[in-house]
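Q: For reference, the structure I am asking about is given below.
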Amino acid sequence: MALTAEKDDQWEVVDIESGLDGASSVVDRQDSLFREAVRGGHHSAGAAHYEQDSWWRTLRLAFQCVGILYGDVGTSPLYVYSTTFDHGVGHPDDILGVLSLIIYSFVLFTVIKIVFVALHANDDGDGGTFALYSLISRHAKVSLIPNHQAEDELVSSYGKHGKPSATLRRANWLKHRLETSKSAKISLFLVTILAIAMVISDAVLTPPISVLSAVSGLKEKVPDLTKDQIVWITVAILVVLFAIQRFGTDKVGYSFAPIVMLWLLLIGGVGLYNLIKYDVGVLRSFNPKYIIDYFRRNKKEGWVSLGDILLVFTGTEALFANLGYFSIKSIQLSFSFGLLPSIFLTYIGQAAYLRKHPEHFADTFYRSVPSSLFWPTFILAIAASIVGSQAMISCAFATVSHLQTLSCFPRVRILHTSKRFHGQLYVPEVNLLLCVAACLVTVSFKTTTIIGKAHEICVILVMIITTLLMTIVMLLVWKISIWWIALFFFIFIPIESIYLSSVLYKFTHGPYVPVAMSVVLMVVMIAWHYVHAKRYKYELKHTLSPNKAKELLEHHDLKRVPGVGLFYTELVQGIPPIFPHLFEKIPTIHSVLIFVSIKHLHVPHVDASERFLFRQVEPKEYKVFRCVARYGYRDSVDQEAEGFVLALVESLQYYIRDVNLYTVDEIQSISYPISRDHSLSREKPSGRHAIYAEEMITPIQSFSELTTLSNGVSNRLPQFQQASKMNIAELAKIEEEQRFIQRETEKGVVYILGESEVVARPQSSLLKKIVVNYIYSFLRKNFMQGEKMLSIPHGKLLKVGISYEI
């Protein structure tokens with residue numbers, strides 16, 4: 001890849017390896033923060049992770065993912081038949097028809113769509129609805145908040161690649177439509193948050209249905225137990241389950257994998273036993289003609305039962321969303337040779353048992369287990385249901401974290417419970433709400449039949465939205481043949497729509513519950529995002545002009561105090577309008593003032609070497625800088641303030657060195673050799689130190705060492721020739737400026753936080769006033785404040801308040 005300067009203040013990025021003659025993409029320079037962005041490495045950590053997977057590592061990950069991914073899918077045999085045949089078995093062959101539907105639905109939706117297609121639509125190793133939306137956002141500017149910067153596209157994990165011309169034209173057409181149509185942006189946004197709301201609702205329903213199904217088996221040995229007693233035992237287990245979330249699950253894969261593995265072996269073995277003992281003839285259900293016969297015989301009732309069969313592949317959304325912990329090969333391996341045979345044997349064995357004992361439709365699972373294996377099965381069922389619930393709860397925590405990167409959810413404290421596994425989160429407020437909701441669902445419905453019907457709509461809506469987003473990914477990102485895309489779309493959308501119609505027919509029998517929860521969640525998300533976007537646009541419109549900023553800094557009443565001031569703002573462009581408001585109240589600024597913006601990119605991770613972008617505000621002698629701290633949606637932002645300052649100051653020192661060593665024209669002329677995997681050459685350092693030689697230059701290295709290094713560098717780095725020509729005085733000036741920053745940092749750091757109150761204009765509509773003045777205001781006052789989110793020490797905090805009318 002070569003970077004060449006253009007007269008219209010743009011950068012032309014030419015992809016040498018793409019094979020496109022003369023093909024290039026032009027990145028608009030929206031901001032001179034671009035200067036620091038070009039130093040970032042272009043190596044995808046996620047890609048390297050998968051390329052370097054050995055078979056031993058793949059087998060180890062395959063064992064781990066059994067514990068994390070398959071708990072929910074593996075416990076569905078506890079309740080599928082009892083929910084499907086809730087009114088009894090009408091005809092003996094109906095069992096074969098339902099089993100055939102189970103087999104082919106599972107193969108179509110879980111095996112083909114998720115495991116062998118959707119897993120490849122990952123976002124640098126991360127899966128799920130949000131990852132698909134994030135992937136789309138990187139290839140088309142669909143965000144409703146105008147904070148995109150050209151520098152973002154140079155982050156190493158951004159990953160855009162060229163494709164053949166015909167598919168590229170189609171992708172560009174779709175990109176143009178998405179970027180120029182506000183209705184398309186809003187529709188894509190609403191579809192995404194609907195899926196996210198359904199996933200959170202699913203996390204409410206999964207623990208009750210799984211644990212209640214497992215606990216209900218006690219009636220086989222203790223027939224005197226009443227329904228209410230079973231319900232309260234379930235509630236007690238749920239309370240314990242949610243209470244232990246705060247301890248984290250650092251070694252969750254190794255802890256849970258043996259439990260789920262034993263569970264799958266047990267239910268698979270019992271299924272094989274039942275098949276041999278009761279009716280080997282159920283294997284005829286692999287013939288799809290039994291599906292046709294089932295619908296012909298049952299007509300409307302057969303169509304209605306489709307919704308219940310959806311429960312077979314519940315948990316697949318968590319399987320896709322938790323991809324980030326593992327590799328695609330490990331999931332496909334463990335799924336194909338572990339989960340799939342066990343699940344099929346279980347359903348086939350239960351069908352064989354029902355052929356002989358159709359009257360036991362209400363509790364098929366435990367009735368089909370040999371009496372000598374009851375207690376081991378019961379204990380493992382409880383354990384497996386807890387594991388499956390754990391996976392969905394963790395998925396909900398990750399989802400809330402992703403919502404905050406979209407600016408769609410109030411501030412909540414997100415705790416990273418493991419330093420080893422970045423995706424293991426705990427959100428105390430969300431955990432409490434999930435616990436209360438799960439217990440209320442259990443106490444209110446009491447039976448798995450109603451909870452199962454409520455569960456169905458979560459499963460099918462997420463599946464449909466995944467299909468829609470994957471179709472866009474195929475067009476925009478993969479750029480594959482239109483015939484493959486059409487085949488995918490016209491197979492899955494019609495079939496999934498039939499399943500959805502079946503679920504909606506029973507809307508008042510359970511599905512209304514997750515819909516109501518999702519509506520509440522969507523109102524919160526839409527209100528928060530709407531006001532946030534309006535406020536951002538208002539501040540962007542009223543940013544200080546360079547002349548106004550210069551006039552303000554040169555004002556004769558301005559006092560300078562020792563230390564560093566970090567002024568937090570959400571704007572990534574310009575100086576926020578709240579700054580002159582602070583100056584009016586307190587005409588004092590610190591010796592070094594840095595406007596800090598925390599920005600979440602649509603990538604899973606941002607390397608530490610690419611974290612900070614800087615620009616110095618004129619006049620330079622006032623030592624005022626702007627800084628954008630960039631994070632991926634899986635990165636932890638709750639870093640201790642002291643550690644954040646140390647990293648920021650270190651990067652600022654490198655920026656000062658760069659901006660003084662090289663002019664803008666010289667930086668623009670730098671050309672980095674790119675290897676075939678589009679990463680910086682492995683023989684050179686990457687990231688922040690990419691422009692230097694193989695040795696690392698410390699932030700405050702003496703000018704004599706720098707001169708020696710620059711004289712001894714290879715001709716492969718022509719930018720060092722400039723350093724060798726610089727005189728001692730210039731190098732000393734750079735060093736003194738760095739030392740000044742270091743001294744002021746040691747004198748103390750003060751954190752300045754802008755708190756803006758937003759109200760609707762008096763002439764606004766009633767709906768807008770309700771959203772802004774009541775819903776948003778309530779959420780803002782009752783959720784976490786900014787200083788707690790950023791771990792700012794209370795004794796070093798200065799808040800500045802301002803009101804906006806939007």
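Backbone N, Cα and C atoms are what each Cβ position is placed from, and that goes for glycine too.
Automatic prediction, not curation, is the source of TrEMBL annotations.
Pulled these features from TrEMBL for this protein:
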- 61-545: domain 'K+ potassium transporter integral membrane' (DOMAIN)
- 95-119: transmembrane segment (TRANSMEM)
- 186-209: transmembrane segment (TRANSMEM)
- 229-247: transmembrane segment (TRANSMEM)
- 254-276: transmembrane segment (TRANSMEM)
- 303-326: transmembrane segment (TRANSMEM)
- 333-353: transmembrane segment (TRANSMEM)
- 373-404: transmembrane segment (TRANSMEM)
- 457-478: transmembrane segment (TRANSMEM)
- 485-505: transmembrane segment (TRANSMEM)
- 511-531: transmembrane segment (TRANSMEM)
- 562-806: domain 'K+ potassium transporter C-terminal' (DOMAIN)
Q: Report the listed stretch (333-353, 457-478, 485-505, 511-531) having the maximum count of Cβ pairs within less than 8 Å of the transmembrane segment (95-119).
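A: Comparing 333-353, 457-478, 485-505, 511-531 against the transmembrane segment (95-119), the winner is 333-353.
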Q: At an 8 Å Cβ cut-off, counting only pairs 6 or more apart in sequence, do the transmembrane segment (333-353) and the transmembrane segment (457-478) clear the bar of 3 or more pairs?
A: no
Q: Find the member of 186-209, 254-276, 303-326, 457-478, 511-531 that has more C-beta pairs under 8 Å to the transmembrane segment (229-247) than any other listed stretch.
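A: If we count Cβ pairs closer than 8 Å to the transmembrane segment (229-247), 186-209 scores highest.
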Q: The transmembrane segment (511-531): which same-chain residues, six or more beyond its ends, come within Cβ distance under 8 Å?
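A: Residues packing against the transmembrane segment (511-531) from afar: 144, 189-190, 193-194, 196-198, 200-202, 204-205, 403, 406-410, 437, 441, 453-458, 503-504, 758, 771-772, 775-776, 779, 806.
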Q: Restricting to the same chain and to residues at least six past its boundaries, which positions have a Cβ under 8 Å from a Cβ of the transmembrane segment (373-404)?
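A: Residues 67-69, 71-75, 78, 128, 130, 193, 196, 199-200, 202-203, 206-207, 210-211, 213-215, 217-218, 220-221, 237, 241-242, 245, 249, 252, 256, 259-260, 262-263, 266-267, 270, 315, 317-318, 321-322, 366, 411-412, 414, 423-427, 430-431, 434, 525, 600, 633-634.
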Q: Grab the pLDDT values for the domain 'K+ potassium transporter C-terminal' (562-806) and give me their mean, rounded.
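A: Within the domain 'K+ potassium transporter C-terminal' (562-806), the model's average pLDDT equals 70.
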